[in-house]
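The region 'Disordered' annotation in TrEMBL covers 45-88. Residues annotated as compositional bias 'Basic residues' in TrEMBL: 61-71. Per TrEMBL, transmembrane segment is recorded for 106-124, 136-155, 161-181, 224-245, 278-299. Look at TrEMBL and you will find 109-189, 229-301 tagged as domain 'Potassium channel'.
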Amino acid sequence: MIMHVGTSLEKDCEIQANHFIITWFGYRMSTSADSAREPLLPKDQLDPMAQDFNTKSRTSSSKRRLRRSRSAPRGDCTYDDNDVKTDEPPLHPSQLVNLNPNLRRVIMFLALYLTIGTLCFYLVRNQISGHKTNGVLDAVYFCVVTMTTVGYGDLVPSSSASRLLACAFVFSGMVLVGHLLSRAADYLVEKQETLLVRAFHLRQSSGPLDILKELQTNKLRYKCYVTFIVFVVLFIAGTVFLVTFEKMPVIEAFYCVCSTVTTLGYGDRSFNSGTGRLFAVIWILTSTICLAQFLLYVAELNAETKQKELVKWVLTRRITNNDLEAADLDEDRVVGAAEFIVYKLKEMGKIDEKDVSGIMEEFEQLDYDESGNLTNSDIVQAQIQR
């Protein structure tokens, strides 16, 4: 519950910062409403939230206290006072899942890599020593164990040409796994992540918007759950297959799976049959990438947890006189809402001094008459000077 409150407050602060330019650079909060100058944009073109925020700031200058916004409407949405919340509209699937990776491109590059690798290693099959089953299958199998850096040692290049070829394919394979296949895995995890959240809330009357909010709040946590479940399934599947088809004892099969998914590849235990190598082509590729993604998500989750703890501390600690002095950007001994928001965002690590300095420099360049306010005449004069 505390984490949700911290996240809500953090989002509210980000919303106020989004209107920072309008409220701070467009109007400059003053202690008197009569001192406000001509706004940069006509009132009918301003964001309703920015107008409301600016009006409240000027009319409550005697108290100058920061009030948290109860709502955060999007710029492209309009609300009526008589609106009553009814059934939530269904979400488009693209809103639940971020379609970043291009799966078609990933499949194309993977197929191209395996095709070229299989062809090359098949042509030099007589220069590769070890236990062999089928020429084409061995070439695909060797290509996969090279790309994933498993390298059992059951098939090894024995000539200069085959060794140089293996060196080229191991580097290109690592790039493919790290850049393309990890994105595809991330996409597939997000697809299953939505189903997992739906399953957790199956007995609750949760609509699509509730699911979307839950995904955004605990995105990395659900990714860890999904990848861990998939990894356990792959681990058990590999162990059962080795026991059933490769006739390994359970301990040796478990040992072989561990050395494979961690890409150690000691080589004393591996897939020796044609059926085993056909299974290994798919299983090695998916299990090694799944473990790598799980470790990545765990690291990101730890970093996100520390960030949320910092945000919670910033939002709950008491404000001191030193904080007010640090938040007073214009050094007028009065801290406005926009200044306070910027100070809090800096404490949370959302922005830094360079970000603020860059915006302030741009404002000073546009403020032609050096009045501390931006008007249409300032913009015109600034454009003429340029």
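Numbering starts at 1 and runs along the chain as it is shown here.
From the backbone N, Cα and C atoms, a Cβ is placed for every residue, glycine too.
All annotation found in TrEMBL is predicted automatically rather than curated by experts.
Taken through DSSP, the domain 'Potassium channel' (109-189) splits into 61 helix, 6 strand, 14 coil. If you average pLDDT over the domain 'Potassium channel' (109-189) in this model, you get 89. Residue counts for the domain 'Potassium channel' (229-301) by DSSP state, with H, G and I taken as helix and E and B as strand, are 57 helix, 0 strand, 16 coil.
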